[in-house]
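Marked as transmembrane segment by TrEMBL: A:21-41, A:88-112, A:124-144, A:179-196, A:217-235, A:272-298. Residues or ranges marked as domain 'ABC transmembrane type-1' by TrEMBL: A:84-298.
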Amino acid sequence: MLQRSKTRTQQLSLGRRLLRDRVLLLFALPGTALIVAFHYLPLLGNVIAFKDYQPFLGIGGSDWVGWENFAVIFNGDPAFLRALKNTLILTSLQSVFVFPAPILLALLLNSLFSERIKRIAQSILYLPHFMSWVIVVALFQQMLGGSGLLNNYLRSHDLATLDIIGNSELFHVLLTSQIIWKDTGWATILFLAALSQIDSQLYEATSVDGASRMKQLWHVTLPGLRGIIILLFILRLGDSLTVGFEQIILQQAAVGRDISEVLDTYVYNNGVIAGAWGVAAAVGLVKGIVGVILVLAANKVAHIFGEQGVYSR
Amino acid sequence: MTRTVQRRLVNGVPMPGWPMRIFKGLVLLVFCAAVIVPFVGVISTSVAPNKQINESGGLVLFPDSVNFNAYKSLFAGGVVTQALFVSVFVTVVGTLLSLTVSCLLAYALARPGFSAGRPILLVVLFSMLFSPGIIPTYLVVKGAGLLDSIWALIVPTMVSAFNVIVLRAFFMNLPNEITESARIDGAGELKTFAYIVMPLSKAVLSVIGLFYAVAYWNAFFSALLYLNDSKLWPLQLVLRTYVINDTQLGSAELGTELLPPQASIQMAILVISIVPILLVYPFLQRHFAKGVLTGAVKG
């Protein structure tokens, strides 16, 4: 019965099948149209990277200028290099400090013997993830700013105050700690799920063999986390040129662009604010292409090491 | 060595000694305090008396007494009231539209034998691999005539590919017999969807709905990018102007002569933008881990 209906489906021509599925097509239409309009259609807009785009002329009416807009990248315009440098610094800081933080926290939470304490801690630690960057930045100001809680406390005890917010030397550290505060708790979810998948018999067997807690961590727990760590690191790598646009835009005025300009803010400040649309689009385009190449390359490396990666094949 | 082996085992792991347990407790306590203290400070300051705020020079952790003057002046009909209306509108209408469109798409993709299912699924999945870039997206929004319209906060982010994949995974896990029996009883796709599948999916709908709602409520960048008219500003943008950039809120902006200290007004604005999330948080927390994991496993 099943077999027969299957062969009949295959016999129908494509047009017939689409006609038969017209209700489902209608269901899928609005969502697909929105994804195409706001994910794929903008790809076409990238042609303005090769044009001297003037808003009043429109995309079609603006002149072609070839690779001229890309000159800032290839000739190493100082403002572009500055943005690139800050982006690379921030992305390294994030890979070294932000990436491992949830792994450590998940190991800590996982090693708690009281389920109740674990659950309460999770409820508290997940919360900042749901706060917008505006709120996070405002909270940091209120805590660490010139008239924030910390400095008021120091002042009332006649101690020297700390210049943290608005201090350009500490800006990269501040950005990194804000990300840690906001997302470390939430990011433990995937690691905790992986930890719960580890067969508890492995722990029992190793402890019968006399393995200490450290040995168990090294030989049982960490190998169990390997797959998810590699997967998330690949995704992180693909995003390595994206280092937090909203977060930085909100605090840029206080510290100046020398230390705070990254590729995304460069695109925004030059394009939307200053009107150098072509140059901004060119930088954005190169950034997007490099991002895709990074994901594909990282995935390839994962396959070479025998891991699954983001997608197989 | 022998002592380690004789230690009590819990799930096969030797129980740690007291120093280790105390150390772990302290680390956890510091982490949790770092999360909680800012919220307590903000809420306390928004209701603390003027005198105490002025004496502390800013944030107050334990208010001597409680008053709601800051909230009264914010709700008097000025810029913050206006922004609150915008944010509520965007969140409610946006979430309803997002859920409808995403569910319809996910349902179609979950139907076995849907002839266009495969290519559309690829379109959805592939869109997660790259982000389209700020400038080209801006041009599309501009081309659609959405600049300086409240819909610019809703339409471009209406469908999240990730959420569609999560919903599809859920619909595919529903037993096939249910939809089949509905079909035999003569229900078309629309009826099956509306009367059979939707009521069975209340749990996942509420999770995805909350994900969308939180995203709409928190949206800041789209407002910054697409809206010049400050009458259309959502709460997040008002928050940036008056709290982060420390622009003074006078009686002209507030629409009232009642003027509590700036610190308590600023903190009250923060509280207004935090409280809705705190209200849905217990619910969110009960379900979100499952939602995230479904997407990770099936996606």
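Glycine is treated like the rest: Cβ placed from N, Cα and C.
Residues 94, 97-98, 101-103, 105-107, 109-110, 122, 124-129, 131, 133, 136, 140, 221, 224-225, 227-229, 232, 244, 247 of the same chain lie 6 or more positions beyond the ends of the transmembrane segment (A:179-196) yet place their CB under 8 Å from a CB of it. Taking Cβ pairs closer than 8 Å, the transmembrane segment (A:217-235) reaches residues 99, 103, 107, 110, 190-191, 194-195, 197-198, 202-203, 206, 211, 295, 298-299, 302, 305, 307-310 in its own chain, all 6 or more past its ends. Through the fold, the transmembrane segment (A:88-112) approaches residues 118, 121-122, 125, 172-173, 175-176, 179-180, 183-188, 191-192, 195, 217, 221, 225, 229, 232-233, 236, 240-241, 243-244, 262 of its own chain, all at least 6 residues removed from its boundaries and within a Cβ separation under 8 Å.
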